[in-house]
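**Q** Quick one: the structure is below, questions incoming.
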């Protein structure tokens, strides 16, 4: 039998010929040691040119395509392609990995760059968004990521002179990035007129924000900031591929084959044209340059590397060559010399010297070459071509001997016969031709027989036979030289083959995997001398196997390096080397062969080589060399975890306390080395590890999101800071955590086989070991990854346990055969026999070790495992006299050992925990059932005992009194399913799984009687009440048998059920049986005969049942959950006082209901305890305890029951049921509005007015008659617009600066007004700007970085962060900005996943964490470290809207969220968020209402304000008090004062003598003082409160901000605004800097710009739509929504006149410039004229007809003769005044001079319409008084400034952001001093100061 193991020899990579120049650039550099670093295929190469040596980095598993050099020039970062590509940072000196960065990019990593300090690395992905990612590479952590561009990015670089700035470039773009927080924000480079927009290929940064970049056309573009400053034309003839900056300047290389050097100011120094040098050739293209001192490295497209010395630049040295474009297939080795020949699709054939590692000859052919062979004498070289021809060359001088073309398709294989007489040529035409060498290659034979292309051929040693393989997988034999097929296989038995390169045949069966029919092995070659075979396949693997390998799936060693397919492999003539060639990577690899005898000496090879040595994964073929497996291990490896491995999880300690944080089975446990913390890991789809405190039982940290299926082992580091965990997924992922922060430090696939243990090195926390099935691995951390190496041992054994010894390199492991292996570093030193059977557990002591095995023996050893000091056998006989309970069997298998204070704790397979004293006595502490489900449970009728029976074939009696121990146990011959005590407690009946049952004595457990009448399982068994005369036995075969206990006879059978019976109960008289079946049917039978009865539901309840364990019937209808198809209620039990029903279900929940439970979906309390289904629940006889049995977790739990009367307020383990009360505490319009509001995202906004027709910029213009050349006599065209300041020189407006904002967002946002600087300033927001208002100067300053509306604002109250503000906005992917309120500096930007917007933000007590809540459908809650921009944790908040979430003012880990019908109390544990719902049941009739606000008190008190006006007071998460009607309406806001603990509340309330909407309370919310807000409103509604020194700041729904004095209750209004929008009307005074606004809220307000305040407001009682001053400024006209208009006198505010001639809203109203006429435009498509000189009765004198749609804007001409009207159909019309006749002649219209221009339509303003107004419109415009500018407002909320007129489409403009969506109106004040814009959605007025251009 051939040896089945992998061969002992191995390969070592010695040289790589080639360099990757294609599709890559900037990948060639000098390291600090003056070595050259580059890459080829999947290998990083460090080439020392002086010594001509190469070192290799082999950490990648696919093609490397990018490389960056660390500024210190020792470390290198490389990025690869692949589905899950990663980046490796490695040391170019040792070629060891320093860090692995993964899990961000997909497809590949296209570019890399280090920053100036080398702390950060930036990478660009190849995914569709070209993601840019910034890493803290040492920690393997992502600092920021952002989509880079829609098209490919070619280069990225850090600005070396400005921190946290980057530049990227690519297809048709260049972007300048700034890094702030976790956000990368780009600005696109502006090409402007200086250069054309084109693809930028490379870049370099210089001082003073200057960036140099190389473009596709060969120009250099020079950028200053983001603008193109100048270009260097024609720097290269075509694309510039590479640019390299060094101390002296810059080097550039391009497609034209030139390298140019430039000085630091980009003045040219010199040019080197490589095409002109002696090594040059036409088409040479430079892909990479590196300039250092006087040396320049150049990498070319054709895989060459040149080194140029600057002063001798005409003689470049060619230091590396390789094949160029096209696949590389041909490989042949010289028969007598160390030479290899290769030929490729690049048409070149090359000869390489294997000793000198150099190219010695090269010859170019006419056709692509596909195969090669050298004649036996080494004189001729045959080359097969792609076109079907072949050529013979002389090796000596590469001259052609002959060229023959007999075939049409490619020649894929040719071979000379061993005697040198013939050449066999195999082609894709399915045939092999034989040529005679001496006859000048005349064709002498032909082999026909294949029906597919020929892939491989071999000659026999005597040259008489040829074997071939073809593409269909057939192997054929031919006689030579005739080519006749040999069909009789007998002749071939003795044939010896000269070479073996075929992939088919019995000798090489082992190269194919066992169960696959794939043909991905391209080439093999056998080494007969050493009996090894080397193969090359499509996955880039080189494998070494034994030869011959007969059985499929042989063991191998594998080597990576080639990235994609390897096309050919050959041994050199003397078997010293293996040569492999890569198809796509054009590279030639030369491997040194290290035979067996040498590999023993090779233990001291440099570390890189052990790494290169084949992490050879063994294949799992028939394990002839593996001893037979132990059944227990077999079970454990094949487990799909649905059972306990830790038998210690049977929670029945003597004095027990429980940690209930997990939601599924706990599989593993680790104890913190220094503190009383425990880490436990669980199974489950998304399993987690909890670290909890054993004192408080509170979770400290929860680690989630990495392990699928479960966590199987854990270990803490010696300092307790790190935790290692291993998952149950297929790769057994290993993760190393910083558990307190919840951060993943590193992760890696562990092994294909199961891992049993992980241990962190106690001396070096960066190292760890894992042990498991057939492997032992040694790992060390590298950045975000782990690097592992297998321990080298002879045959691989399965390791069951491992520990570190007394020094960092000593490791001891226990195997499945009972040996202890002793390791030093990774090498096995020796093994010691320790146990019979597997060693399951071992532990290190101070001096020595303790081990436990399957043989039931605990052994103590000395510290070198030289000798065994003592053994303890676990037997019944040695149990200490005082030990409670019983051992199930002697010498149980030992599964766990732990040490403490002179004792050894031992866990056994039978679920026992024992304590062994060092001196010998053994005490039993804990017992439980073993594997198998526990179903049977019965409680004793009058003693505190219970009996259980389980599938582990034991019957046990347990003591429920405080000693909690097992009293008796007996083995049964079968597993059991049910049991029951007789009414006197003396007998115990047990039903077994095989259909038999027995009755045993309840004390001794000896058999009394047994029956076997049924085939199927016995499912329930019950004695009749009273004397216990009858016994009812229910079985799975649908019958209930009734036995007479005394006479031991069966007396009746109940028939008629269709399904298996699940539960049965007797009535009190012992006459009636109630039965449930598995199909949810309910039946009744009469005892003793078993006759079936039908009883109506109403009667069933009247029957007095002796017990109730059934789950069906009207009296228990409510126990079935809403989704009962999925969850079965498995068991129930009614307490003996008939008040409480307990149920157990399939999800592991135990629920308590009040009995009877009529109606569906009743309320309950639920308890989580069992990990799988609860199989049974029973009350004890006096209802004091509830006993529950778990199925798969084999545990028995005992719950103390506290009856209603004497329950103290303790923390309970229950959760309330999820079914919420229907009413949520009332209705409030404001709350409903806030809940249902859909925030408009500006970028997606649509038009506000219902427009129809074609937009102006899309209309076709009819040519006017006046376009013929003017005759000189014609009058000059008049001014378009009358200019008001004619005397001065006209100056255009150059820019707008935001000066003032009137408005505050109070109607749908809350808690958004705060004091700053001890009350000197206040901060609030409106639209998308944050406003800081100084109360003394009343000056405003603005934060304007948000791109859309701000929704929430909070300030950091920690003294370390003064004036730090956080604001969150609306957006599809919104951001939170953290900024300094005084300097307006952005401190951090947090991009978040809350789609829709951020509705609440809150800082933690230390000020370092920030909490945010999203508006997405899941209302996600996220916690950030805002300074770094790191996300700490994130979790779904609630199904319904969350209004507010706030940190407790004294905590960084606890916060509370409130919202629609819920309040939740959250804890941040590491990276996980855990929450508890508020528990209401402690207060009678309390219901969950909608909660709106939250405040905090000392001692863990929380106050929440509700929609009904009550305030709830919570202690922890339990409701303890309700402050009824704290306000009469909803309590919208609460504020906790940190310095004295007083609480301010604000709500909705009518002002009265006693109270108002603002109240100040004491710390406990017992007493309060109310304040009245003097606002004059009927109902005050407070939305925001904040308390400073003696002052309270209040924000109201009516957009006012008021300051209230605490002492005198005086109110001072600081901010005014319109309370409801939109603000439609805007009118500026003709001479003063005041203006009027009219809005939907029915008020007209007068604002003073200089005084910065509201002067007056008039309530009209109806929504107002438009407003206008008369030319003198003495009258005001107001148009209303109901069609009425009013004229007021400004001086007295008296009404001068009013009129209502229309029924729909007035859109615009205007006085004529001569003050005679009033024009009123309405929605009824009409303009009415009124003559004001006729007095105030206002009779309409005329109107304009034929207006196609509603009127938008109107303007009078300067002479009051005409009016222009813009309409909703995008048409502008001109009418005569006052006749109302339309003017149609264009030439006439062109001569009119207008008094004002507010129209958005007309040829003069076509340019104001932008390209993206297809859904949204330009809504308003206003031309300046100078007539030189027009300002516009649009539906996107932008203010734009254009030149006037702007008749060309898409005119240039400046844009100003700040408003929300929909601007309604815009006006310029007199003298062009200010622009006033009015917001629709934001109800705010912005005043912009005009900056005029200088003269």
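Cβ atoms are placed via backbone N, Cα and C, with glycine included.
Not measured: the values here are computed from a predicted model.
Pulled these from TrEMBL:
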- 53-307: domain 'EML-like first beta-propeller' (DOMAIN)
- 250-265: repeat 'WD' (REPEAT)
- 328-592: domain 'EML-like second beta-propeller' (DOMAIN)
- 330-354: repeat 'WD' (REPEAT)
- 404-435: repeat 'WD' (REPEAT)
- 606-633: region 'Disordered' (REGION)
- 615-633: compositional bias 'Acidic residues' (COMPBIAS)
- 656-915: domain 'EML-like first beta-propeller' (DOMAIN)
- 832-862: repeat 'WD' (REPEAT)
- 934-1200: domain 'EML-like second beta-propeller' (DOMAIN)
- 1167-1199: repeat 'WD' (REPEAT)
- 1207-1231: region 'Disordered' (REGION)
- 1214-1227: compositional bias 'Acidic residues' (COMPBIAS)
- 1340-1603: domain 'EML-like first beta-propeller' (DOMAIN)
- 1623-1890: domain 'EML-like second beta-propeller' (DOMAIN)
- 1629-1657: repeat 'WD' (REPEAT)
**Q** Using a Cβ cut-off of under 8 Å, list the residues of the same chain at least 6 residues beyond the repeat 'WD' (1629-1657) that approach it.
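**A** For the repeat 'WD' (1629-1657), the list is 1299-1300, 1302, 1338-1340, 1616, 1618-1623, 1663-1667, 1669, 1671-1673, 1676, 1678, 1681, 1693, 1867, 1869-1870, 1873-1874, 1876, 1878, 1883, 1885, 1887.
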**Q** Are there residues at least 6 beyond the ends of the repeat 'WD' (1167-1199) whose Cβ is under 8 Å from a Cβ of it, and what are they?
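**A** Result: 642-644, 649-652, 660, 662-666, 682-683, 911, 928-944, 946, 948, 950, 952, 958, 960, 964, 1128, 1130-1137, 1140, 1142-1152, 1213-1215.
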**Q** If you count every Cβ pair below 8 Å, which range out of 328-592, 934-1200, 1340-1603 shares the most with the domain 'EML-like first beta-propeller' (53-307)?
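**A** Out of the listed stretches, 1340-1603 contacts the domain 'EML-like first beta-propeller' (53-307) most.
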**Q** Could you please provide the mean pLDDT value for the domain 'EML-like second beta-propeller' (1623-1890)?
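**A** Over the domain 'EML-like second beta-propeller' (1623-1890), the predicted model scores a mean pLDDT of 87.
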**Q** What same-chain residues lie close to the repeat 'WD' (404-435): Cβ under 8 Å, and 6 or more beyond its ends?
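**A** Contacts with the repeat 'WD' (404-435): 370-377, 380, 382, 384-391, 441-448, 450-463, 466, 468, 470, 478, 480-481, 483, 498-499.
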**Q** When DSSP states are grouped into helix, strand and coil, how many residues of the repeat 'WD' (330-354) land in each?
**A** 0 helix, 16 strand, 9 coil
**Q** Give me the DSSP three-state residue breakdown of the repeat 'WD' (1629-1657), ordered helix, strand, coil.
**A** 0 helix, 17 strand, 12 coil
